[in-house]
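Here the structure is laid out as structure tokens; the discussion comes afterwards.
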Amino acid sequence: MKFALLSLAAMAVASPVAIDVRQTAITGDELRTGPCEPITFIFARGSTEPGLLGITTGPGVCNALKLSRPGQVACQGVGPAYIADLASNFLPQGTSQVAIDEAAGLFKLAASKCPDTKIVAGGYSQGAAVMHGAIRNLPSNVQNMIKGVVLFGDTRNKQDGGRIPNFPTDRTKIYCAFGDLVCDGTLIITPAHLSYGDDVPSATSFLLSKV
């Protein structure tokens, strides 16, 4: 039953949403392939979402950061090793170890390639679990470079006590919409789980306040 609900939700997430800042020509691979910027945004998309940044919140936050700080932001999505498949939601960490390792590698790449950058990060749905798993075990010198993290529809919210373990709560903001049952430790998808595009302005403001 839960798997069927996840499948149904995945189709809804993959459907076109309002065409505004969410759908632009962003590759989401700017840390790997581009120059260092003062701010680096690392994001993990939700299950079945396309590209490296997905569609629900990743591109919106990326674009809003770029509009606020023109020429100062590099956006990097977690992938291609992280395939954002549905089945990985049922693993003990809420995602695959491969995905967690890839995300951790991107944080370490930002720290080594761009030692003066300020890192901000985010994740939606399964992508939030990716961020929990990656950030909690990073070396302290890399964690210290992460100034803010925003998580939407966090599938690890209840399991990890409303926070990313081993990471400061004042640098973390978790968005859990009223009625979104994944925030209560289930994988039951309700319409609320698809509403997080509305939180992009607030999330962007939070990240900007940290850099």
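Heads up, the Cβ atoms here are built off N, Cα and C, so glycines get one too.
The cysteine that Swiss-Prot pairs with C114 in a disulfide, picked from C36, C183, is C36. C183 (disulfide bond) and S47 (site 'Transition state stabilizer') have their C-alpha atoms 15 Å apart, to the nearest angstrom. Ranking the disulfide-bonded residues C114, C183 by C-beta neighbours within 10 Å puts C183 at the top. Ranking the disulfide-bonded residues C36, C62, C176 by the number of CB atoms within 10 A of their own CB puts C62 at the top.
D180 (active site) has a Cβ environment of 25 other Cβ atoms inside 10 Å.
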